[in-house]
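The following features are taken from Swiss-Prot:
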type	residues	note
TRANSMEM	16-36	transmembrane segment
TRANSMEM	58-78	transmembrane segment
TRANSMEM	92-112	transmembrane segment
TRANSMEM	115-135	transmembrane segment
TRANSMEM	146-166	transmembrane segment
TRANSMEM	173-193	transmembrane segment
TRANSMEM	224-244	transmembrane segment
TRANSMEM	256-276	transmembrane segment
TRANSMEM	290-310	transmembrane segment
TRANSMEM	319-339	transmembrane segment
TRANSMEM	378-398	transmembrane segment
């Protein structure tokens, strides 16, 4: 994988397409098992309503927790050995773990494997780092926005496919099907992605303090990490109460599950439509403007969600919120590209992933705690307050440093 002067230049557009496919496959693989995770926990011997809820929450959250712990290590290894190698490691490792999950005999085995899944993950942040280091800087927003739609598309289609497969073949076979998808992702990455990378010895690697001092604006980068965390907190805080809130709004209807599923899915559809377009706009006017505007827009949409009277009103607001959310993470990633070098891109994107995983763990806990004490509607108001704080914090960080104009 070491570069050679006679090698043809890397076709970053082809790599973007293949990386998008890889993110789609891993997004689908992760979400395939989500619809029946509590059912599988029950099948492994957990009984009783309280115990089932507790174990379902633990096995769901532990993956993100261990991913947050492991991401910086894999990011450092990516900066030493190359990002393609990390993509291959992640896809193959997760595929093997999925097979073992399908063979689990008790809840403790399953819990350990869910933790191992988090430890071996990291496909998406390494795909982001790979594309960020290859794409022309003036196209970063569009490229990273487009790449983000891969994981979103997979996450949207995965639960539907997982539910159908579980109904048709049972729960355990879905894990083997998921493993097959990840192995396919491994081979697609192996044969179709090109990277010119000169391995770096451990002695030549920058240490943490040197990474921080090499950043153009360390305080801004930290604020971007915090923004990523709050984006995930805001998204996750609504997830535990959404179905119950829809049931409260819908009243006595027979298809609450279908309505809830539709309302849960519409933000992802909106993000698919908005991410590449707003990313391209960010390349033109600046990703910092897109970020602040999308954060303020999110606040203005979250507040009325606490006052809606029908599921249709909630669905419309969530669609608009999804359009704003589609711009947020690509804008953050583009700003990270602008404020760091290729030498440390793997670690910067992995740190960002760690903050994202922490948000994935804390968001649902926050939403559940608020709803238990103050009701469903309070969740939206508190979340709006958190996002508003982040908008002010981000604006204050960004206005201190004008984003440099970077040419090809």
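Quick reminder: no glycine exception, Cβ is built from N, Cα and C everywhere.
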Long-range Cβ neighbours of the transmembrane segment (115-135) (under 8 Å; 6 or more residues past either end): 10, 12, 15-16, 19, 22-23, 26-27, 62-71, 74-75, 78, 83-84, 86-87, 89-91, 93-94, 97-98, 101, 143-144, 147, 151, 185, 193, 195, 333, 336-337, 342, 345-346, 348-350, 352-353, 357
By Cβ distance under 8 Å, which residues at least 6 away from the ends of the transmembrane segment (290-310) in the same chain are close to it? 141, 227, 234, 249-250, 278-279, 281-282, 317-318, 320-321, 324-325, 327-328, 331-332, 335, 377-381, 383-384, 387-388, 390-391, 394-395, 398
Report, as numbers and ranges, which residues of the same chain sit near the transmembrane segment (173-193): CB under 8 Å and 6 or more residues beyond its ends. 14-15, 18-19, 21-22, 25-26, 28-29, 32-33, 36, 84, 87-88, 91-92, 94-96, 98-99, 101-102, 123, 130, 162, 165-166
Among the recorded stretches 16-36, 92-112, 146-166, 224-244, which has the greatest number of Cβ pairs closer than 8 Å to the transmembrane segment (319-339)? 224-244
What residues elsewhere in the chain lie close to the transmembrane segment (256-276), defined as a C-beta under 8 angstroms and at least 6 residues from its ends? 142, 145-146, 148-149, 152-153, 155-156, 159, 239, 242-243, 246-247, 250, 311, 314-315, 318-327, 330
Is the transmembrane segment (224-244) packed against any residues at least 6 beyond its ends, judged by a Cβ distance under 8 Å, and which are they? 256-257, 260, 263-264, 291, 295, 298, 302, 325, 328-329, 332, 335-336, 339, 351-352, 355-360, 362-364, 366-368, 370-371, 376, 379-380, 382-383, 386-387, 389-390, 393-394
